Amino acid sequence: MSEELAQGPKESPPAPRAGSREVWKKGGRLLSVLLAVNVLLLACTLISGGAFNKVALYDTDVFALLTAMMLLASLWTLFYLLRTVRCPNAVPYRDAHAGPIWLRGGLVLFGICTLVMDVFKTGYYSSFFECQSAIKILHPLTQAVFVIVQTYFLWVSAKDCIHVHLDLTRCGLMFTLTTNLAIWMAAVVDESVHQTHSYDSSHSNTSHHRLAPDPERAGSSMGGDCLCNTAICQIFQQGYFYLYPFNIEYSLFASTMLYVMWKNVGRLLASSTHGHGHTPSRVSLFRETFFAGPILGLMLFVVGLAVFIIYEVQVSGEGGRTQQALVIYYSFNIICLGLMTLVSLSGSVIYRFDRRAMDQHKNPTRTLDVALLMGAALGQYAISYYSIVAVVVGAPGDLLGGLNLAHALLMIAQHTFQNVFIIESLHRGPPGVEPHGTIPKEPCHGLTFANLDALHTLPACPPTPRLVGPSPEGPQEAVAIILAPRGNWRRRCLKDISLFLLLCNVILWIMPAFGARPHFSNTVEVDFYGYSLWAAIVNICLPFGIFYRMHAVSSLLEVYVLS
């Protein structure tokens, strides 16, 4: 007894629950990433191999793999939805930064277009059912079910920070994300293959058909001959290929939202996380703007549509007016990119006079936005630098070569300055927050939603008064209401800039997404690199450039709302 008193009271062993939880979180993430990598590599192998006629793989093999993946992902999604409904303590927190309304709205819009594409695709393959494999009809039907289930799942669960079945949830989210990436790759490869056949047919004294299908790929796996001769079959064929861009964007939108959900599995939140990135309760499209940005942006959008139509008609025609179409196309893009560069630079200059503090809170959504903007821009960077080398070294010395060079240089400058403006905007605190964190004029409420009934089940989450619970005044008190003094010229300028850049990015997405390929119509790069190498560069890098435009639209809409 005396020895015990001399030694003093024994210290209780530390509870390693939080540390063990963090280590196991890393292990669960590693397990899900390994699963996703292996499945994605298998899908890449089949999709890339099925794109070449000399490889003993057929599109039916690709369709079978994608169908199986979509079925498994749909079953897991239904399990998740049922589990969260039956277990009230499954989701103790909801991340207000994740799944903003404009991102979910875009997902619904692209999902509806994907369903229309599946209808056209089913009608196309049903036109010659007698010589087709049944999997080609089953695939679009399965994809329609998958799109409906996944869209509902992301609409209601995009903000979830789930705390049950952590490893199973991480693996399920990663597998669903991989399924969307596989669908994206299949659509991109299919589009590239048909663009290649379109180029070959236009350079072999035959009629130029955009996205003309490969006859061997249209046949069955046994080499059957299926001809699309009827008018209704050709309508279905052209319809579903023109809807491919929406399917591509749907897959990418869903992948980004699933990644944020995967990062939020097991995440603990507190009310100190401010609502930078959350939509105010009331949003008016042209509220508190000078109208210069929206008007100029709409003008460029309309002119861009006209230029795109002229380009498609003249390039697809047989009158030899390709060079005229390219001059019009490059001239419009040079003007648009030049204005976007100047406007983005002006926005960055305005931020030099902005007193708002930088948002330093941990935010998986914001980190992903920045990574996607920087990573997707690399695709257009690569194409531009290849074009610059071809024009400078090849030295064509004509008008078209000069326009091509100016277009490539401005494309690099525009991506750079726009990324700087968007990233700086996304990391700014809400209006009214001073650099030292004081709020002199407007209150800024926390945005973390806490399920108080489930907090006692969390081992590493002691009760804290900082958690935000349901307000007796209604759900409106759980949303950040950002109020700033009207008449602030900096805020109005930033809103005009974001709307102008948003509209310009939309038209610059429409042009390449729906078939504008000046990279092949202009023979400078084709002659310098050879068609095979140049086609590989464009087909790999251009999809990232197209995705960059739509992701920039989503980010700029958030910048507009929070300016």
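Each residue, glycine too, has its Cβ placed from N, Cα and C.
Sequence annotations record features per position, and here TrEMBL assigns region 'Disordered' to 1-21.
According to TrEMBL, the transmembrane segment annotation covers 30-50 (among others). Tertiary proximity for the transmembrane segment (30-50) is limited to same-chain residues at least six positions away from its ends with a CB under 8 Å from its CB atoms, namely 57-59, 61-62, 65-66, 69, 167, 170-171, 173-175, 177-178, 181-182, 185-186, 189, 262.
Per TrEMBL, transmembrane segment is recorded for 62-81 (among others). Beyond the ends of the transmembrane segment (62-81), by six or more residues, the same chain brings 39, 42-43, 46-47, 50, 133, 135-136, 138-139, 142-143, 145-146, 149-150, 152-153, 156-157, 169, 172, 175-176, 178-179, 182-183, 186 to within a C-beta distance below 8 angstroms of the stretch.
Long-range Cβ contacts of the transmembrane segment (101-117) within its own chain (Cβ-Cβ under 8 Å, at least 6 residues beyond either end) map to 140, 143-144, 147-148, 150-151, 154-155, 158, 239-240, 243-244, 246-247, 249-250, 253-254, 256-257, 279, 550, 554, 557-558, 561. The feature transmembrane segment is assigned by TrEMBL to 101-117 (among others).
Residues or ranges marked as transmembrane segment by TrEMBL: 137-156 (among others). Non-local neighbours of the transmembrane segment (137-156) in the same chain are 63, 66-67, 70-71, 73-74, 77-78, 80-81, 99, 104, 107-108, 111, 114-115, 117-119, 121-122, 125-126, 129, 176, 179, 183, 250, 254, 257-258; each lies 6+ residues outside the stretch with a CB under 8 Å from one of its CB atoms.
According to TrEMBL, the transmembrane segment annotation covers 250-270 (among others). Within its own chain, the transmembrane segment (250-270) has Cβ neighbours under 8 Å at 21, 25, 28-29, 32, 93, 95, 98-99, 103-104, 106-107, 110-111, 113-114, 147, 150, 154, 157-158, 160-163, 166, 169-170, 173-174, 176-177, 180-181, 183-184, 187, 364-365, 368, 372, 448, 450, 458, 460-461, 464, 466-467, 547, 550-551, counting only residues six or more beyond its boundaries.
If one looks beyond the transmembrane segment (290-311) by at least 6 residues along the same chain, the residues whose Cβ comes under 8 Å of a Cβ in the stretch are 325-326, 328-329, 332, 336, 339, 343, 492-493, 495-504, 506-508, 510-511, 514, 516, 518. According to TrEMBL, the feature transmembrane segment maps to 290-311 (among others).
Within its own chain, the transmembrane segment (327-351) is flanked in space by residues 293, 296, 300, 303-304, 307, 310-311, 399-400, 403-404, 406-407, 410-411, 413-414, 417-418, 420-421, 424-425, 428, 490, 493-494, 497-498, 500-501, 504, 507-508, 516, 518, which lie at least six positions past its ends and keep a Cβ under 8 Å from the stretch. According to TrEMBL, the transmembrane segment annotation covers 327-351 (among others).
Annotation comment: TrEMBL describes 371-393 (among others) as transmembrane segment.
Annotation comment: TrEMBL describes 497-516 (among others) as transmembrane segment. Within the chain carrying the transmembrane segment (497-516), a Cβ under 8 angstroms from the stretch's Cβ atoms is held by residues 210-211, 242, 245, 248, 286, 289, 292-294, 296-298, 300-301, 304-305, 308, 311-312, 329, 333, 336, 339-340, 343-344, 346-347, 350, 418, 421, 425, 542, 545-546, 549-550, 552-553, 556-557, 559-560, 563, all 6 or more beyond its ends.
According to TrEMBL, the transmembrane segment annotation covers 528-548 (among others).
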